[in-house]
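Enquirer: One structure, pasted below without further comment.
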Amino acid sequence: MLRILQFLYRIRAFILFVFLEVVAGWLIVTNNSPQGAAFFNSSNAVIASVLKKQADLVQFFSLAEANEELTEENAKILSTLFAYTQPADSAYLELDSLLEVSYQFRGARVIANSLRYSQNYITLNKGANDGVKPGMGVFNSEGVVGRVKSVSKNYSVAFSLLNTGLLVSSKIKSTNDIASVQWDGRDASEANLLYVPRHIKTQPGDTVVTSGFNSVFPEGIIIGIISEVNPDTEDPNYLKIRLKLKTDFSKIKYVYLVENTQYLEVDSLQQQSEVTNEF
Amino acid sequence: MNFRNLILFTLRLILLVLVQIFFLKNLALFGQAFAFLYLLGLLILPLNLRTIPLLLIAFGMGLVIDVFYETIGMHTAAATFMAFARPIWLKAVSPTGGYDDMQYPTLSEMGTGWFLSYAFPLVFAFSIVFFSIDHWGFGSFFSVLNKSFFSSTLTCLLAILVQLLFFKRRRGI
């Protein structure tokens, strides 16, 4: 017995090492599972406030650029709005509940962002107090940015589209074929378009937009443009399609959060009828 | 180690962690070379420091960096691994005649050549562990190797520069 204890005492450093590595491994695993406890992350108040200070400082230097972007976008919105205003002399049709708006939008600022890992996250300066909920979609004027993962009182953390764990339901705009966009962990400006069957005719230059099927994003937000189409060498059923992402992830500053107010209803209906939404 | 040195080392560690968080967070040269400058804080701890406190310091530092980097566990695991490897590697690269009167494995005490042969493999081991975890399941082996090599080169370069610029020279040289 004494021998065993002596032996254990002699290798105490190694035992501590193994223990610490197991703790680290546990942290990695729990943090990466979507439902895992997200305690040690940047939506924690202290950490978020430090990151915010840093973002504030950096932001000061890019105010001019941000202003320009906002003006540009305002102009775009004004022009769309103009298209909706009815000229006085035309017939006016009242829209029924079929086309009722079920999406609500909020604005937020990015206070932390990463591109270089294979699991990238974005921290935003809006949280539960501003009505942000896990599962909301995130996009900006260029295109899709990601999806909210966890929320604290005043901050929230979102999966970036540059996260190998995030699939975005999408479709090819010209042909309406549904597919999924997933990042492969390499280039921050490119992603893969998955589950496109071989018989689909598509070519480089086609636009890929959100499909609206997973009730996170409204239909038609731009994701990217197809840059390469090849037959998949591993799976004979599908095409291998590369996508040039529209969003420049290295300089996102302001984003919009979108909430589908009828998400719960759709989701519970699907569960009730035992349909799994694969997109 | 006396009280004054203890304060000095604590301050150095805190300063390196702050620099890492505020300045080096989004730095990645050509998307390949990351700078893990805070590892310098672990590398220059006294030679006679025992493994257990070393492991705990590395674990703590890794966790702090992780919390700010959104990479929970990755820096922690890699830094702990490096701390465990350090005493073993120190034994392997000990100069002929042992370390006798030297206390710290710094550039000014040991010279550039020795420091490189001491720091580079350790940082490389750190990077291999770090990027393997990051690319888990997605990894192409070569991209891990590539990133590890360039990151450790950049880190060692920065470590040497920082020591040349900010550390006191030993008197008499």
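Quick reminder: no glycine exception, Cβ is built from N, Cα and C everywhere.
As annotated in TrEMBL:
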- B:6-24: transmembrane segment (TRANSMEM)
- B:36-65: transmembrane segment (TRANSMEM)
- B:71-90: transmembrane segment (TRANSMEM)
- B:111-133: transmembrane segment (TRANSMEM)
- B:148-167: transmembrane segment (TRANSMEM)
Enquirer: Which residues of the chain, 6 or more past the ends of the transmembrane segment (B:36-65), have a CB below 8 A from one of its CBs?
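Expert: Distant Cβ neighbours of the transmembrane segment (B:36-65) are 1, 5, 9, 12-13, 16-17, 19-21, 24, 75-80, 82-84, 86-87, 90, 99, 102-106, 118-119, 122-123, 126-127, 130, 151, 155, 158-159, 162-163.
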Enquirer: Could you name the stretch, out of B:6-24, B:71-90, B:111-133, with the greatest number of CB pairs under 8 A to the transmembrane segment (B:148-167)?
Expert: B:111-133
Enquirer: Looking only at residues six or more beyond either end of the transmembrane segment (B:71-90), which have a C-beta under 8 A from one in the stretch?
Expert: 39, 42-43, 47, 51, 54-55, 57-59, 61-63, 65, 105, 118, 121-123, 125-127, 129-130, 133-134
